[in-house]
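> What follows is a structure written as structure tokens; I'll ask about it next.
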């Protein structure tokens, strides 16, 4: 590989970057999505307890248990705001990453993450309001960390889609960190101690930023002898990227997050706004938004849902909360399968297409991935609507598979379907728009608390119908594939006619 040439980053360094990035995504980036486990701990510590009514509900044993719907609503609001910030801030944070580079973006992420963990560490039941800024800071810091990590796929050529989906799967698996906190808390470790330890881990993020990440971006394709990160003493200049080192007259490859840029001087490259206003992008945002909304509502209301189905039995709630968190660990195992689906056509060298034909083949390969992701979400939604505790084990499994496919597929599809120059902006915009839709989770939760009297069955049935809208996106993509295939045929026909017309003139008389 070119990057392994003398003076460049060797395979060991690239592998270290890949594995350390996987650990970073899997242990820190998406911890807010393990919210149900943390809520269990916070309830035991009496956070927002003033919102409970101590004698309102009767369980099957004939004893009263408190109605804590007000408390649940406060916890749901914390998660709603945190998950909204996780997506909405992707757009401005993506701009910071594109404009100022990896080092600056990661320093901002580390600052936010450290601040969030310290706020949780020093929160108390009387200062439960600190959870609102803390979860938002953890969300934004985490999404910025994974955004800087996705470019690592550029180091590994044809395995980029697999690495992107692998990192997104690790992001999902990081929600199990709150399960570890729950288990350790049950064994006597204080919440403050655990979050102070997480704050101290920021030193590791800082070291990785210095030694295993570029100051700006990782270009693709990798130039000869490409290196990144701070090298050994006496070679401090190696921390500069290839973009900074090359001579001014050398255009070199442009630095883009995921895909190779189109050849320079190609006027056919589509500009940003036509991409945004295309049916392809708009229906993809619908595809992402409706399924993400379904997942957010499920995660944000899981603890009260289990309370409702278990009639307040804390032991049962603890067992099912642990089961849910354990399944989240499997996200890192599920996500790469989507990458394999997207990259399967690239492994057949005999039929591997290049150029426009290759781009069309990539787009066609995304259709089965999109359909499979929606189908998984529909099955998950159906199981979630069944008001029986044992069925929730199946729901947990389907949920983690669906969510792993959703986020990895989202990033990979945007890299495939649109010009690579716009990937960062389109990814940030799609996440920001889906964040606005995700705000609907709070009125949905309020509807369950109020008109539906704590029973989410009818809301869950309605969400199944909403998720079905996502099937429109793969239909739109399939139609776009047919249109592009016709355009390619039309473009190749005049060229063939011109070639055949020139042949007689070249024949000697």
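Cβ coordinates come from backbone N, Cα and C, glycine included.
Source: prediction; values computed, not measured.
These came from TrEMBL, pasted as-is:
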- 241-262: region 'Disordered' (REGION)
- 21-42: transmembrane segment (TRANSMEM)
- 75-97: transmembrane segment (TRANSMEM)
- 104-122: transmembrane segment (TRANSMEM)
- 128-150: transmembrane segment (TRANSMEM)
- 162-183: transmembrane segment (TRANSMEM)
- 189-207: transmembrane segment (TRANSMEM)
- 276-299: transmembrane segment (TRANSMEM)
- 319-342: transmembrane segment (TRANSMEM)
- 370-390: transmembrane segment (TRANSMEM)
- 396-419: transmembrane segment (TRANSMEM)
- 426-451: transmembrane segment (TRANSMEM)
- 457-478: transmembrane segment (TRANSMEM)
> What residues elsewhere in the chain lie close to the transmembrane segment (128-150), defined as a C-beta under 8 angstroms and at least 6 residues from its ends?
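Same-chain contacts beyond the flanks: 21, 24-25, 28-32, 42, 47-48, 74, 77-79, 81-83, 85-87, 89-90, 93-94, 96-97, 102, 105-106, 108-113, 115-117, 119-120, 122, 164, 167-168, 171, 174, 205, 213, 257-258, 411, 431.
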> Out of 162-183, 276-299, 319-342, which stretch touches the transmembrane segment (426-451) the most, going by CB pairs under 8 Å?
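Most contacts with the transmembrane segment (426-451): 276-299.
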> Run the contact check on the transmembrane segment (162-183) against the transmembrane segment (75-97): 3 or more C-beta pairs under 8 Å, excluding pairs closer than 6 in sequence.
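Answer no, regions not in contact.
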> For the transmembrane segment (189-207) and the transmembrane segment (21-42), check the count of CB pairs under 8 Å (sequence separation 6 or more) and say whether it reaches 3 or more.
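With 3 or more qualifying Cβ pairs, these stretches touch.
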> Any chance the transmembrane segment (457-478) and the transmembrane segment (276-299) are in contact, meaning at least three CB pairs closer than 8 A with a sequence separation of 6+?
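Yes, the transmembrane segment (457-478) and the transmembrane segment (276-299) are in contact.
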> Near the transmembrane segment (75-97), which residues from the same chain, at least 6 beyond its ends, have a CB less than 8 A from one of its CBs?
32-33, 35, 39, 42-43, 47-48, 104-105, 108, 131-132, 135-136, 138-140, 142-144, 147-148, 292, 296, 299-301, 303-304, 424-425, 427-429, 431-432, 434-436, 438-439, 441-442, 445
> Using a Cβ-Cβ cut-off of under 8 Å, list the residues of the same chain that are 6+ residues beyond the ends of the transmembrane segment (396-419) and lie near it.
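Residues 150, 160-161, 164-166, 168-169, 171-172, 257-259, 261-262, 269-270, 275, 280-281, 284, 288, 291-292, 295, 298, 323-324, 327-328, 330-332, 334-339, 342, 359, 362-363, 365-366, 369-370, 372-373, 376-377, 379-380, 383-384, 426-427, 430, 477.
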> State the non-local partners of the transmembrane segment (319-342) in its own chain: residues 6+ outside its ends, Cβ under 8 Å from one of its Cβ atoms.
22, 26, 33-34, 36-37, 40, 161-166, 168-173, 175-176, 178-179, 182-183, 302-303, 306, 310, 362, 365-366, 368-369, 372-373, 389, 392-393, 396-397, 399-401, 403-405, 407-409, 412, 416
